[in-house]
């Protein structure tokens with residue numbers, strides 16, 4: 001992508017003393033270094049979220065003996081972070097729409113990092129669960145990054161930049177097993193009467209560091225210009241645009257805009273926090289965007305249920321396939337469900353030694369699954385402007401639905417890797433694009449709330465999905481497979497009903 005700031009600034013000199021719409025002012029800022037940097041910051045933040053959310057898939061098998069976890073306990077540990085994200089997502093959207101995108105991201109990532117570090121030294125299962133819950137509460141506000149990113153961009157680059165976010169998530173999925181492989185197999189053991197610290201504890205600490213680091217980097221960034229203008233902060237908006245213009249032009253050339261057309265007033269500053277939270281929700285679901293809000297919430301619920309129902313259990317499934325192929329005397333099973341049901345090793349069974357070893361092939365297989373996502377992560381941004389968000393979102397949901405259904409018929413580790421890779425590649429890009437669609441369809445005053453409520457419904461689904469697979473994985477694993485596949489088909493059809501995004505996007509009061 002080439003910088004086009006010089007042409008835009010030159011063409012806009014006649015507007016020096018005229019108030020302009022914010023979108024026109026953002027075009028006049030130009031496109032350049034700042035936008036690449038904010039893509040890097042928001043993308044890296046998304047990578048940190050991938051670390052935080054999916055690290056539990058390596059914690060479960062490596063900490064199962066220390067916490068004496070059964071399959072139900074593992075399901076609860078998977079679900080704890082989702083419970084926190086469910087609680088937080090409803091609140092953070094309102095905070096983002098009233099206190100700022102930047103402020104919300106800083107607090108959320110700090111909170112995520114702090115409670116992850118605290119959980120790393122926990123010696124009790126219930127305390128570990130509580131810390132993971134609060135970490136989830138914090139990280140749930142990270143969806144604000146989509147609003148933060150899009151509000152610095154003119155319409156020409158929005159969909160392309162938003163779709164690049166999936167590549168950063170994919171990077172997290174690839175890097176996480178590398179970090180786990182380096183740390184978890186280490187055999188050191190620090191123990192005294194108060195604490196037992198092993199390799200998996202160190203792994204949790206390392207996974208928390210990106211969140212804290214990025215929180216400090218975001219402190220150096222400006223607030224979203226669209227948020228500032230929606231809050232009636234005209235001077236701050238101009239200063240923000242001047243900052244971006246200086247960075248893009250790499251000079252002290254004067255920014256040609258001195259006045260921006262203000263949106264209609266929406267002042268609710270006298271409301272208390274909970275009253276404002278309630279009113280912002282009612283405003284969204286009674287506005288002309290209410291149908292879009294309901295549909296996007298259902299899509300988030302169905303897609304996220306399907307994704308987390310399977311993705312966080314892939315390391316566990318790979319361990320069970322490894323056990324079946326290595327130790328089992330019965331090698332004539334015809335479905336995945338028959339194979340995984342044979343592996344019933346509960347820590348409290350006294351004559352069976354608990355095994356918290358993760359086979360090296362598991363790390364490699366998860367890396368392969370992440371690498372398999374690279375093609376879709378590259379193809380979508382390259383063709384998004386031609387084919388649109390809806391096309392790729394529908395395609396991804398149909399693709400992931402077929403791969404989820406086919407999991408039932410696999411009988412080997414290789415088949416598991418292939419189907420898991422296809423599922424991750426399609427479902428992950430589908431969920432990311434759902435967030436992109438959400439922030440594109442709603443105007444500034446509803447954008448943060450709409451994204452957060454969609455996230456809330458998604459985490460309700462993720463929680464139910466983890467409970468469901470924890471209950472049925474040993475005896476009736478066809479149930480979560482059927483539910484996952486069906487929900488993805490429903491998501492695909494619902495996406496088709498949504499308005500198109502891009503240049504035909506909805507404009508409200510000069511702030512979009």
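Cβ coordinates come from backbone N, Cα and C, glycine included.
Keep in mind the model is a prediction, meaning the values are calculated, not measured.
Record note: among 291-314, 315-338, 291-314 is the stretch given as transmembrane segment by TrEMBL.
The stretch that TrEMBL tags with transmembrane segment, taken from the ranges 199-219, 220-240, 241-261, is 199-219.
By the count of Cβ pairs under 8 Å, the stretch nearest in packing to the transmembrane segment (417-438) among 34-60, 75-96, 199-219, 291-314, 450-473 is 291-314. Two recorded stretches are said to be in contact when at least 3 C-beta pairs lie under 8 angstroms, sequence spacing 6 or more; the transmembrane segment (479-498) and the transmembrane segment (75-96) fall short of this definition.
The transmembrane segment (450-473) shares the most Cβ pairs under 8 Å with 75-96, out of the stretches 75-96, 161-184, 199-219, 362-384. Recorded stretches compared: 34-60, 161-184, 391-411; the one with the most Cβ pairs under 8 Å to the transmembrane segment (199-219) is 34-60. Most Cβ pairs under 8 A with the transmembrane segment (34-60) among the ranges 75-96, 161-184, 362-384, 391-411 are made by 161-184. Beyond its flanks by at least six residues, the transmembrane segment (75-96) meets 52-53, 56-57, 59-60, 69, 103-104, 107-108, 128-130, 132-141, 143-144, 147, 276-277, 280-281, 308, 312-313, 448-453, 455-456, 458-460, 462-463, 466-467, 469-471 of its own chain at Cβ-Cβ distances under 8 Å.
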